[in-house]
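Per TrEMBL, these features apply:
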type	residues	note
TRANSMEM	45-65	transmembrane segment
DOMAIN	49-428	domain 'Major facilitator superfamily (MFS) profile'
TRANSMEM	85-105	transmembrane segment
TRANSMEM	142-163	transmembrane segment
TRANSMEM	175-197	transmembrane segment
TRANSMEM	286-310	transmembrane segment
TRANSMEM	322-342	transmembrane segment
TRANSMEM	349-368	transmembrane segment
TRANSMEM	380-405	transmembrane segment
């Protein structure tokens, strides 16, 4: 195929793919022949691109936890110490910005592509970090947190789309778990960087300055990463999609990947859909399932653990530094186990086991509450139940929805449907 004649030509993808897709039987035969001759594509080619994309997830985790330990110092320096409403705004303003960013993520990732969307994600995170770090008032801090939040809302949606679309099928679950692992590492990094905040005056500003570094790294490195072949194909840029598949999978797998993409795209017209179309018709059922998964994920109460774990553990008599590190490593351990099991056990089993584990941990919390006035063991049960809750969450409820939904959504609605479903994540 002549690359120069197809790169910028915009036509319905079904017409452009006629030479690749002459029917279900022909496509299936082509995939079978190529796979027999060359085996599975190498995971090593796509790994660097996935690792760069997960920087956005690292930033997501970092900003979730960055105010956990320093919140008291921030309130004292900016003059709202003891004002619980203002402290709540410092935490929740980020969530408000994330909701806005998430709602627009579908349009952005479909309009300018996945790579440029990542770079756009980094911009408000850099500006917001600078404003937060240099703030001298509550208003400045709130505005900085809002800007950071818009990047946080855009990043997870684009990361889920990108990782699913550039990963070889046999490691897609493993790579999808990288998103959750990166989020855990971001949370742990925020906790460790926040440790000196009580001893060093103004250290909380350093906590915000540091976050600008990975954001700038994301914007720079993404310039050298592959664009999503799915997005290029959807835009009618077939030649470019082939080039990117060659970068990601190897030259011997380009024809089979394009044939599979053509088959999955059959039946979808080239016109983009409106958000309103996701609420009725043939797409409603799968979108409803997606929104419910994210709603259940957030209604589990995991955000309360991440945002206020320091205060909870202090009230139980456990040093917050130790407790926060334990929470971070419980989250990371569960994510690593999920990575190892995702492609072996499947998404459904991990999801069911995760919610059952969280239910069991809540049972421990109930027992701890019952023993509160009877036995000192209630502290250990309470802390153990919380750590078990985090571990169970990381096994399935955390990573599975963001990985499963891009796999089940048709290419035509994928970006907007993901944006709609993940907006539930921020509205709970």
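Note that the numbers count up from 1, one per residue, in the order the chain is shown.
Positions of Cβ are set from backbone N, Cα and C atoms, glycine also.
Tertiary neighbourhood of the transmembrane segment (322-342): same-chain residues 65, 68-69, 173-174, 176-178, 180-181, 183-185, 187-188, 191-192, 305-306, 309-310, 312-313, 350, 383, 386-388, 390-396, 398-400, 403, selected by CB-CB distance under 8 Å and a gap of 6+ residues from either end. Packing against the transmembrane segment (349-368) from elsewhere in the chain are residues 293, 296, 300, 338, 341-342, 378-379, 381-382, 384-386, 388-389, 391-393, 395-398, 400, 404: each is 6 or more residues past its ends and has a CB under 8 Å from a CB in it. Stretch with the most C-beta contacts under 8 angstroms to the transmembrane segment (45-65), considering only 85-105, 142-163, 175-197, 380-405: 175-197.
Contacts between the transmembrane segment (380-405) and the transmembrane segment (85-105): absent, as fewer than 3 C-beta pairs lie under 8 angstroms at sequence separation of six or more. Sequence-distant neighbours of the transmembrane segment (286-310) (same chain, 6+ residues past either end, Cβ-Cβ under 8 Å): 64-65, 67-69, 91, 187, 278-279, 320, 323-324, 327, 351, 355, 358, 386, 389-390, 393, 397-398, 400-401, 404-405, 408-409, 413, 417-418, 420-422, 424-425, 428.
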